[in-house]
Each structure stands twice: as C-alpha cells, then as structure tokens.
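Trainee: Dumping the structure here so I can ask a few things about it.
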Amino acid sequence: MGLPQNKLSFFCFFFLVSVLTLAPLAFSEIFLEEHFEGGWKSRWVLSDWKRNEGKAGTFKHTAGKWPGDPDNKGIQTYNDAKHYAISAKIPEFSNKNRTLVVQYSVKIEQDIECGGAYIKLLSGYVNQKQFGGDTPYSLMFGPDICGTQTKKLHVIVSYQGQNYPIKKDLQCETDKLNHFYTFILRPDASYSVLVDNKEREFGSMYTDWDILPPRKIKVKNAKKPEDWDDREYIDDPNDVKPEGFDSIPREIPDRKAKEPEDWDEEENGLWEPPKIPNSAYKGPWKAKRIKNPNYKGKWKNPWIDNPEFEDDPDLYVLKSIKYAGIEVWQVKAGSIFDNILICDDPAYARSIVDDYFAQHRESEKELFAEAEKERKAREDEEARIAREEGERRRKERDHRYGDRRRRYKRPNPRDYMDDYHDEL
C-alpha cells in the first residue's frame, strides 16, 4: 500500500530540502583538516633545520593551561629562543577557478616578547626534514608580534618567485585566548581576512598588493582648466546693500547716562555721555551666499589607463600546493597551533569556528580568568616577600654599619681644646 498523498508530499519536500542543504558540501573539497588527534605525528614531519646549531625547538602535544576543551589538543612551541619548523604533505591541488580557504587557530598563552605564529603553504618538492626559514613558500598567513608596537597580521603571497606582503596594516590578537584566523582568496582576485569569523579586512589583489602596476594612473603635470569653476558658494548677485548701511555707527552715546552732580565744566570741559555698542550696527556688509549654479566640484587630477599595466587573469592562482607548514622563531615559547583547515568552502570553515565558540569559548574565558587571578595573587605574594626581605637586609646593614661607626668613631678636636681651656 502506498503512502498517503500528504505524507508523500512531505517526504518529497524534506528530501528536496536535504539535497539543497547538503549539495554545497557534496561539491566542496577539503585538502587538509588537522585537529592534531591520534596519529598526528605520522602526518607531520618535524624539521631538523637549526638542530645541529642547538637552535631548533620541539613541539608539545597539549590543550594548554586554560583549555576550552581539555581533550582538544594542539601542538605548542616548547623551548624559548628557538626556531620551529614542522610540515605536513597534502594531496597536491590548485586554486585555479576555485575559492581558497586557509584557516587555523592559535593561542598565544605566553608573553611572547617577539616571535611569529603564522603558517605557510608550500609548493613543489620540499625536503621536510630540511624545511626552514629559507624554504620558498606560496602563502604566509598569521600573527607576528614583537614588543608592544608590532602586532602584525601577515598576508604574504608569492608571485613569479617573489614574495609580496599586503599593503594594509592588519592587526592580530594578543589577549592569550584562542583565536581563529581565516584567509579567503577568490577567483576574481578578491580576498577577505577574518578573525574569529569577523571580517577584519577585504579587498582585491590588484590594489592591496604591489604585484602588478596599477590599472589607472594620474596624468602628470595636469592643470586645472581656466574655465573650471570650483566655487561651491558665491555671493548672491541680487543681494543689494541697504541704503545708509555704512553710516550706521559702531557705538552710540548712552542715553541713560547722566552728568555727575560734581562735574566742573571749567575744569573738565563739556560733559559727554559714555559710548555703548550700537545694536543696529551689523559690521561690514556682506552679500548673502548662494549655491553656485556653475559649480563643477573640486578639480582633481584626471586618471588614465596605465600603459604599463598588463592584466594577468591568473593573478590569484598560487603555485600548486603540496605542503602546509609552521615555521616560526619565538623568544618566549608557548603558542598552541590547532584546527588547521585548507579547503574551498568558506561556509564549512565558518561552521568550525561557530562550533568552537558555541561549545568552548565561555569555559576557556572562565579558566583564563581563574588563572589570571592565581597569577596576580602569586605575584603579589612574591612582591610582599621581596619587600620584607629587602627591609630585613636594610635593618641588618644599618645595624652592622652602626656598630662599625661607633667602634671607629674619631675624636672631636674640640674635646682637646676644652681640656686645654679648663687647664688654663
């Protein structure tokens, strides 16, 4: 027996909605999704770069000091003043005719002082055991901090073998909580940079990187045409100065003033009332201002097509990607990298960030606040002990020097003089 008509219609509707909802996911492609769960060491190769010099650091698999989820572990830089390099090989792909999404999370738990927390996409063959700072890359993206002044968010792309940093001044987060950084590059060469799913910057590779010459340039030595009227307002030609306007005095005699009773005309002359401001005086006459009907706007140097510009429709296309890597140097270690995603679906990347914040953000903040409270109490106690120790040492020093002064006190010559005078 078949389904009733109304149930069959509902089933068809539900099936259609499901297909439409899942269709984008079915056609999206994930090239790398790494949450550093079991077996991650088999996927990632720790480089020996700088190891012979004793300058190579190691990574620790941990959730950190204030994890939103203690079971969600990443890899943390572990040794101070070291170079870190680790990479994973991924199925080779090209972003030609597709959107590229690069996303990861990093929690900079430490007072880093100076160091990077970015990731790189690599092309061609890479000896992963020798992967280091001089290894060519196709994209470098993420925070770089040094002191209190530099809090830069790098977006560096490689074009024809040369690296080009973004011209805009992008800032990274420094509050010791977990943050997601997302870079989206589209086939029309437009891009977006997101931090925690909030768009921090957007634009075009044509304008925000100095890769190609600009499409338009200003005309050199251009001059404003003589008939160009850039006066937005002009005097009203129909406004006429009232008759007698210029004869109105600025001040007039005070009519309420009275001659003093003791005024002596022979001695002081004829009394005159003091002057007061004239309320009828309007100052110099000025015609009313009206909109200029011939106003053409402020003159600007005209733009023309740049003869040196040659378009590259593949400007957005990176060399085929084969590896993802972390290569940084840090004065103070302690940054946790996690949730690395390389795909072509911005919606899927957004869902990962949304899920993390919905499930773990509040607990992470609570643990961080508690850790900060304990740190503050510990520092206050250490400061108290240091003050008490300093006071104790000061008292000992004063006591010791006091005894020495009394022991080696020099006689006062006046004492001898007094004895001499007494004898006299």
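Positions of Cβ are set from backbone N, Cα and C atoms, glycine also.
So Swiss-Prot lists these for the protein:
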- Asn97: N-linked glycosylation site (CARBOHYD)
- Tyr118, Lys120, Tyr137, Asp144, Glu327: alpha-D-glucoside binding site (BINDING)
- 200-211: repeat '1-1' (REPEAT)
- 200-265: region '4 X approximate repeats' (REGION)
- 219-230: repeat '1-2' (REPEAT)
- 228-237: compositional bias 'Acidic residues' (COMPBIAS)
- 228-275: region 'Disordered' (REGION)
- 236-247: repeat '1-3' (REPEAT)
- 254-265: repeat '1-4' (REPEAT)
- 269-279: repeat '2-1' (REPEAT)
- 283-293: repeat '2-2' (REPEAT)
- 297-307: repeat '2-3' (REPEAT)
- 368-424: region 'Disordered' (REGION)
- 402-411: compositional bias 'Basic residues' (COMPBIAS)
- 421-424: motif 'Prevents secretion from ER' (MOTIF)
Trainee: Examine the repeat '2-3' (297-307) against the repeat '1-2' (219-230) and state whether at least 3 Cβ pairs sit under 8 A, considering only residue pairs 6 or more apart.
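Mentor: They do touch: at least three Cβ pairs between the two stretches lie under 8 Å.
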Trainee: I'm trying to understand the geometry here, so how far is the Cα atom of Tyr118 (alpha-D-glucoside binding site) from the Cα atom of Asn97 (N-linked glycosylation site), in Å to the nearest whole number?
Mentor: 26
Trainee: Under the DSSP assignment, what numbers of helix, strand and coil residues are found in the repeat '2-2' (283-293)?
Mentor: 0 helix, 3 strand, 8 coil
Trainee: Measuring Cα to Cα, how many angstrom lie between Lys120 (alpha-D-glucoside binding site) and Asn97 (N-linked glycosylation site)?
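Mentor: On Cα coordinates alone, these residues lie 21 Å apart.
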Trainee: In the compositional bias 'Acidic residues' (228-237), how many residues does DSSP put in helix, strand and coil?
Mentor: 0 helix, 3 strand, 7 coil
Trainee: Just to confirm my parser: what is the rounded mean pLDDT across the repeat '2-1' (269-279)?
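Mentor: Across the repeat '2-1' (269-279), the average pLDDT comes out at 89.
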Trainee: For Tyr137 (alpha-D-glucoside binding site), name the DSSP secondary structure in the helix/strand/coil scheme.
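Mentor: The residue in question, Tyr137 (alpha-D-glucoside binding site), is coil (DSSP, three-state).
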Trainee: Take the C-alpha atoms of Glu327 (alpha-D-glucoside binding site) and the residue listed as 'N-linked glycosylation site' and report the distance between them in angstrom, rounded.
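Mentor: Glu327 (alpha-D-glucoside binding site) and the residue listed as 'N-linked glycosylation site' have their Cα atoms 29 Å apart.
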Trainee: For Tyr118 (alpha-D-glucoside binding site), what is the tally of other C-beta atoms lying within 10 angstroms of its C-beta?
Mentor: 23
